[in-house]
C-alpha cells in the first residue's frame with residue numbers, strides 16, 4: 001500500500017482569526033438554540049402565541065444557517081471547526097416582551113462579537129474575511145437589533161393583552177416573509 005500525502009489550502013489564515021471564527025460559529029448556534037427554546041415556549045397550549053412561535057422557529061433556522069455559512073468558510077480556508085457545548089436557556093421567558101428584549105440583547109451581543117471578529121481579521125490583514133463579514137453579517141445584525149427594538153417598544157406602548165395579540169400577529173407576518 002502506498003502512502004499518500006495530502007495538502008491543505010490554508011494560506012494567510014491566522015490562528016487568532018480561526019479561533020475567533022469558531023467563537024462566532026458557536027455564538028450563532030447558541031442564538032439558534034435559544035430561539036428554538038423560545039419558539040417552543042410560545043407554541044405551548046398554555047401560552048398559545050403561535051405567531052411568536054413560528055417567528056422564533058424561523059429565527060432559529062436563520063441563526064443555524066449563519067453558523068453553517070461560517071463553518072463552510074472555515075473549511076474553505078483550510079481551518080478546523082470546533083463546536084462547543086451549548087447551555088440551555090436560563091431565563092424562564094413566558095411573556096412576549098421578555099422574549100423580544102432577550103432577543104434584542106442576544107442580537108446586540110452577537111453584533112459585538114462579529115465586530116470583534118472583523119477587528120481581528122483587519123489586524124491580520126485578512127481582507128477576504130473582512131469582506132465576507134461585511135457582505136453577510138454586519139448589515140443584517142443592525143436590521144435585527146432594530147426590528148426587535150421596534151417590536152418591543154410597540155408592545156410597551158400598546159400594553160400586554162391586546163398588544164400581545166397584535167405583536168403576535170405581526171410576528172406571524174414577519175415569519176411568512178423570512
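Placed from the backbone N, Cα and C atoms, the Cβ positions cover glycine too.
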Further binder of Fe cation named by TrEMBL next to 28, 63, 66, 141, taken from the candidates 98, 107: 107
Residues close to Fe cation site centre defined by 28, 63, 66, 107, 141, Cβ within 8 Å: 27, 31, 62, 110, 114, 137, 140, 144
